[in-house]
Amino acid sequence: MCKDKNEKKNYEHVNANEKNGYLASEKNELTKNKVEEHTYDYDYVVIGGGPGGMASAKEAAAHGARVLLFDYVKPSSQGTKWGIGGTCVNVGCVPKKLMHYAGHMGSIFKLDSKAYGWKFDNLKHDWKKLVTTVQSHIRSLNFSYMTGLRSSKVKYINGLAKLKDKNTVSYYLKGDLSKEETVTGKYILIATGCRPHIPDDVEGAKELSITSDDIFSLKKDPGKTLVVGASYVALECSGFLNSLGYDVTVAVRSIVLRGFDQQCAVKVKLYMEEQGVMFKNGILPKKLTKMDDKILVEFSDKTSELYDTVLYAIGRKGDIDGLNLESLNMNVNKSNNKIIADHLSCTNIPSIFAVGDVAENVPELAPVAIKAGEILARRLFKDSDEIMDYSYIPTSIYTPIEYGACGYSEEKAYELYGKSNVEVFLQEFNNLEISAVHRQKHIRAQKDEYDLDVSSTCLAKLVCLKNEDNRVIGFHYVGPNAGEVTQGMALALRLKVKKKDFDNCIGIHPTDAESFMNLFVTISSGLSYAAKGGCGGGKCG
């Protein structure tokens, strides 16, 4: 199944979303594996009930394997727990997008609805109602996953599991440490994901702050909130909280959205600032102190301020505490607690594998974990030689103005191919629905109450390789519905689309996505790439 770890490989490293993915550019001759006679309790023992673990377990069972899946949620620093489904369903993608949607509604009501003829009196948001709606939907998904495992003939145990040796797992049912039981498995998959990190060197942070593990089930409205971090999680949380009407400040060490295209990152931040999110650049908390029902935050610039809520979103670490990996001498990156696994999901222990966020150098995205888990199961139990391809993986960030990306950033393309070999086509423009309400002021134009000086809300950007007939290696879009716009473009990039293919394609009018069919200005030309007139992303004549 797994090659000798000392064998030298020549992999092309493609960092699809600047999250350090691999590209398996060669077809490896894999050792075929068939389920042996039942010398183990199970053919496949999966630790972790997130997207990757569940997908791999069900795929293995579909090919005749006897599968056992463990899932147990250790409480957050504030005691928050949740059901099966992992981060994405419970404290990640799903609740995040629902709250983003709620915030987007609020922005439309407050900023745009009056101009479109709607009248609202005493518009007010109910945080508790939002949390109830979100959590009710999550519980329905938890239930569907349980029934899905059962119908797939995957045995499920709500137990805290750890490794005893390369084929033995011990566990504590429902986390009860008074009784330990063991099972054996021919293969073991670790798919425990990651958990948010709170720094040890900030006094009071672990005791008084929350993370994304807590915000989506917070019983009391967050009030005035400090978000610490520059990650996409930090910007998404601060964005929807601001849109819901809360006073939000973001404390940033240096740049936002490190690893993503920085022109797009700056545009996202600028839009958030225009909507009222405040940023403390280069300023971080040094100490948190409880003051009645508030939190006093002392900053690195010697200032201090009171907040109702402090949310840390500075990064995530692999959830491997208690797995007993050290006794097996498993290779782990100690700086982020991630398991070192190759492009085949193999660890340095032949019978143990790792997929999803807990694996080193893998994009932290649920669809990536699902695909990798399914492919691994097919290799183990179906004699497949399929290999996970980590190139051109799309992603979307659900900030107030969304950002979708696939492939290389402008900076990464310059680094890998040289600036002279890269051409960047781009255009800034205003979304049609927004520009109808928030028109930029002109001296001779008739004025009305909706005039507002706003920067161009949208950006369309293609990063191309000159020596390959301008093959597109990077797609970037800042604007509404970024995920929907980006998904189809990812397929085009995987099929090696070229700039001329975009030029020859007819756009759907009027949409923001059609802007990619009308990109003619390059960064190297030095010309303005701001659209002059038009209808959103398209031309009107």
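Yeah, the Cβs are placed from backbone N, Cα and C, and that goes for glycine too.
Given the structure is predicted, the values throughout are model-derived calculations rather than measurements.
Looking at 3-17, 18-32, 438-452, 498-512, the stretch flagged in Swiss-Prot as region 'Loop important for the interaction with TRX1' turns out to be 438-452. For the region 'Loop important for the interaction with TRX1' (438-452), the mean pLDDT of the prediction comes to 53. You'll find the Cα of Pro51 (FAD binding site) roughly 8 Å from the Cα of Cys88 (disulfide bond). Its Cβ placed at the centre, His509 (active site, proton acceptor) has 14 other Cβ atoms within 10 Å. Look at the Cβ of each of the recorded positions Tyr72, Cys535 and count the other Cβ atoms within 10 Å; the largest number goes with Tyr72. The recorded positions listed here are Cys88, Cys93; among them, Cys88 has the most other Cβ atoms within 10 Å of its own Cβ. In sequence order, Lys96 are the recorded positions from Tyr72, Lys96, His509 with a C-alpha within 10 Å of the C-alpha of Cys88 (disulfide bond).
Lys96 (FAD binding site) counts 22 other C-beta atoms within 10 Å of its own C-beta, drawing on all protein chains shown.
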